[in-house]
Amino acid sequence: MKPKFIISGGGTGGHIYPAIAIADKLKAKFPDAEFLFVGAEDRMEMEKVPQAGYPIKGLWISGLQRSLSLQNLAFPLKLISSLSKSNTILKKFKPDVAIGTGGYASAPLLRMASLKNIPCLIQEQNSYAGITNKWLSGKVQSICVAYEGMDKFFPSEKIRFTGNPVRQDLLDISSKKEEAIKFFNLDKNKKILLVLGGSLGAKKINELIEKSLTLFKQHNLQVIWQCGKYYEDAYKNKGNENVKVLAFLNRMDLAYAAADFIISRAGALSVSELCIVGKPVIFIPSPNVAEDHQTKNALAVTDREAAILIRENELDATFESKFSELISSEEHQKVLSENITKMAKPNATNDIVEEIEKLMNLN
Ligand SMILES: CC(=O)N[C@H]1[C@@H](OP(=O)(O)OP(=O)(O)OC[C@H]2O[C@@H](n3ccc(=O)[nH]c3=O)[C@H](O)[C@@H]2O)O[C@H](CO)[C@@H](O)[C@@H]1O
């Protein structure tokens, strides 16, 4: 019998790529399996999931805005419409297990799946649980997490401490450096700084990089600068032979492989990937996310002397000195690399798939 998996996660890369990593591992284990993704109609997953080779259906759903907004008026309608469409999709596809990795679309889909007694697993990437996963936690069988202390949010008997699922092609990048340098059209004799603004790009980081281009030049660095699609028009004219400005990196494996140093936001998946990549990192967490969870994600690493943390409000005062110190000290770079590698959880996807297999046996 062919197993069938329905998977929902989206809104941003931080919810989409864990879903794809889980699907890839399930596919390797069950080559005959059928997959169906469910996302939010107008979000990034509608493009990224088909690119990864999986079919996806879109729901008409969005989150509630924190401020008073006209969009909130449509929310009840959207919820009813997406619950009803989820019901139709589930009836037709008849999955063995439903998997949710956070984001709006996973709420109606997994709620309907649990009502139909389909075993459900959710995966929470952050140290602070998202609203969708908190809402679903009472209804699902298994909750895979990446941080300790998640029993503040979820029933403890359902929690599995697996780590975040990272795409397979990011697990071994050590042999890809030469290919990566060619891919980005860079010079192998100069060091490379990779700048990551998270899947949507980060305004503050872009402003910092623009201001620091002279500093990078003084250090004879080349830069791969992922600026985010909303900022591409503003920054693409800063590109030259030493500075590659890209809206989005479709080959993260090569970007990580090329890098000697990394400046990054501290979204949960980025942090998990950077632990596996094992290079010196400066985290600049977004202060604009729920409960300041990116700072917490970063602190879990920097508390172990495994990366450098610079908060946005300290950038003007300390970025230049901290960056220059790191670039100039091979010893510091080595300590950071060794310590961050110790925090990697490369078996996370395997462990999550084992949990899913247990749920398949419940049917
Ligand atoms: C502003 C915001 O709400 N950010 C949240 C969002 O971040 P965001 O969507 O930025 O997510 P993460 O940093 O966790 O992960 C980004 C993912 O996108 C991939 N990637 C990124 C850039 C690129 O050019 N190419 C590419 O493939 C990364 O390799 C990674 O797999 O979800 C995370 C996980 O729930 C949260 O911790 C973040 O706080």
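Cβ atoms are placed via backbone N, Cα and C, with glycine included.
Automated prediction, rather than curation, is the source of TrEMBL annotations.
Remember, predicted model here, so these are calculated numbers, not experimental data.
So that you can see what the record holds, here are the features copied from TrEMBL:
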{"type": "DOMAIN", "residues": "5-143", "note": "domain 'Glycosyltransferase family 28 N-terminal'"}
{"type": "BINDING", "residues": "Thr12, Gly13, Gly14, Asn126, Arg167, Ser199, Ala268, Leu269, Ser270, Val271, Ser272, Glu273, Gln294", "note": "UDP-N-acetyl-alpha-D-glucosamine binding site"}
{"type": "DOMAIN", "residues": "193-346", "note": "domain 'Glycosyl transferase family 28 C-terminal'"}
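Structure coloured by features recorded in TrEMBL.
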residue	record	DSSP (3 states)
Thr12	UDP-N-acetyl-alpha-D-glucosamine binding site	coil
Arg167	UDP-N-acetyl-alpha-D-glucosamine binding site	coil
Ala268	UDP-N-acetyl-alpha-D-glucosamine binding site	helix
Gln294	UDP-N-acetyl-alpha-D-glucosamine binding site	helix
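Considering only the residues assigned to UDP-N-acetyl-alpha-D-glucosamine binding, Thr12, Gly13, Gly14, Asn126, Arg167, Ser199, Ala268, Leu269, Ser270, Val271, Ser272, Glu273, Gln294, the longest pairwise Cα distance works out to 21 Å. Local packing around the Cβ, expressed as the count of other Cβ atoms within 10 angstroms, is greatest for Gln294 among the binding-site residues Thr12, Gln294. Within 10 Å of the C-beta atom of Arg167 (UDP-N-acetyl-alpha-D-glucosamine binding site) sit 18 other C-beta atoms, taking all shown protein chains into account.
Less than 6 Å separates the Cβ from ligand 1 in the case of Thr12, Gly14, Gln294, drawn from the binding-site residues Thr12, Gly14, Ser272, Gln294 in sequence order. In the structure as shown, the Cβ atom of Ser272 (UDP-N-acetyl-alpha-D-glucosamine binding site) sits within 10 Å of 26 other Cβ atoms. Around Ser270 (UDP-N-acetyl-alpha-D-glucosamine binding site), taking its Cβ as the centre, 28 other Cβ atoms fall within 10 Å, counting all chains.
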